[in-house]
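Engineer: Got a structure for you, questions after.
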Amino acid sequence: MTTLFISDLHLDPARPAITELFLDFLRTQVPGSDALYILGDLFEAWIGDDTPSTAADAVAEALHAVATTGVPVFFMPGNRDFLVGAAYAQRAGFRILPDPTVIDLYGQPTLLMHGDLLCTDDTAYQAFRAQTRDPAFQAQFLSQPLAARVAFAQQARAASHARQSELKQGDQAQFETVTDVAPAEVDATFVRYGLDRIIHGHTHRPAIHIVQAGGRTCTRVVLGDWYEQGSVLRVDADGLALEQLAL
């Protein structure tokens, strides 16, 4: 049996081929597995469960179909879809996990994260994250009319793209540092939780890293994004493997 991990699909009506790839993945590769974990950024943006979206409806229907076959589906919010709430979770048949979460994965304690908490060198983003994860902020935002939420999301996305462009045009080494995990934070996280494996997404740099932390040999698995292809981590009792899914 196998447990599947994915993240950073960034599903968007502007990229229907990726949505179709995901729906095909749910139909053909998830049934019969032990569980499916979605570690954030399933959607490019999410401004409330009440937002009309035929694509989100199709995704919810497909996820619910998987869950009804007996495969547990878990969702951890990312930096793009942290406002996914209980109403959508019920429709999709998944359980929302806090970030981070420790699970027992075939006898090995494993820390699951979206991954943005490890990017502590990006101090501006960490401040934004702290603000937007505040329950009072979220309640106030979700109480606004849909049009106001759409406008805010568009402004936030434009600001994010502008900042990314500014960073890319600057020092390349600085860009790589700011947009990737901070090694010191990775080490501290391994020590804090006292375990030897972390699985996360967010950085779009799929890889399996072997690091030393707290005097132990540890594994950090980074999930891939779904822009030019799909990406899935398969874990069973014998090991793990990152795989690409062709469009």
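Cβ from N, Cα, C; glycine included.
Not my notes, these are from Swiss-Prot:
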type: BINDING; residues: Asp8, His10, Asp41, His204; note: Mn(2+) 1 binding site
type: BINDING; residues: Asp41, Asn79, His114, His202; note: Mn(2+) 2 binding site
type: BINDING; residues: Asn79, Arg80, Asp122, Ser160, Asp171, Gln174, His202; note: substrate binding site
Engineer: With DSSP assignments reduced to helix, strand and coil, which class does Ser160 (substrate binding site) get?
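Structural biologist: The three-state answer is helix.
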Engineer: Spatially speaking, which of the binding-site residues Asn79, Ser160, Gln174 is closest to His10 (Mn(2+) 1 binding site)? Use C-alpha to C-alpha, please.
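Structural biologist: Smallest Cα separation from His10 (Mn(2+) 1 binding site) among Asn79, Ser160, Gln174: Asn79.
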Engineer: Would you pick out, from the binding-site residues His10, His114, His204, the residue whose Cβ has the largest number of other Cβ atoms within 10 Å?
Structural biologist: His114
Engineer: Show, in sequence order, which residues other than Asp41, Asn79, His114, His202 on the same chain lie with their Cβ within 8 Å of the centre of the Cβ atoms of the Mn(2+) 2 site.
Structural biologist: Ser7, Asp8, Leu39, Gly40, Pro77, Gly78, Arg80, Gly115, Asp116, Gly201
Engineer: How many other Cβ atoms are found within 10 Å of the Cβ atom of Gln174 (substrate binding site), counting all protein chains shown?
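Structural biologist: Taking all protein chains shown, Gln174 (substrate binding site) has 11 Cβ neighbours within 10 Å.
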Engineer: Among the binding-site residues Asn79, Ser160, point out the residue whose Cβ has the most other Cβ atoms within 10 Å, with all shown protein chains included in the count.
Structural biologist: Asn79
Engineer: Report the same-chain neighbours of His202 (Mn(2+) 2 binding site): residues 6+ apart in sequence with Cβ closer than 8 Å to its Cβ, ordered by sequence.
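Structural biologist: Ser7, Asp8, Gly40, Asp41, Gly78, Asn79, His114, Gly115, Asp116, Leu118, Cys119 - these are the non-local Cβ neighbours of His202 (Mn(2+) 2 binding site), listed in sequence order.
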Engineer: If you count other CB atoms within 10 A of each CB, which of Asp8, Asp41, Asp122 wins among these binding-site residues?
Structural biologist: Asp41
Engineer: Which residues of the same chain, at least 6 positions away in sequence, have a Cβ lying under 8 Å from the Cβ of Arg80 (substrate binding site)?
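Structural biologist: In sequence order, the residues whose Cβ lies under 8 Å from that of Arg80 (substrate binding site) (at least 6 apart) are His10, Gly40, Asp41, Phe43, Glu44, Ala45, Trp46.
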Engineer: Pop the Cα-Cα gap between His204 (Mn(2+) 1 binding site) and Asp122 (substrate binding site) into the table, whole Å please.
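Structural biologist: Roughly 16 Å, rounded to the nearest whole number.
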Engineer: What whole-number Å value do you get for the CA-CA distance of Gln174 (substrate binding site) and His204 (Mn(2+) 1 binding site)?
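Structural biologist: Their Cα atoms are separated by 17 Å.
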Engineer: Compute the C-alpha separation of His204 (Mn(2+) 1 binding site) from Ser160 (substrate binding site), stating it in Å without decimals.
Structural biologist: 16
Engineer: How would DSSP class Asn79 (Mn(2+) 2 binding site) in three states?
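Structural biologist: Reduced to three states, the DSSP call for Asn79 (Mn(2+) 2 binding site) is coil.
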Engineer: Which secondary structure state does DSSP assign to His10 (Mn(2+) 1 binding site), in the simple three-class scheme?
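Structural biologist: Coil, per DSSP.
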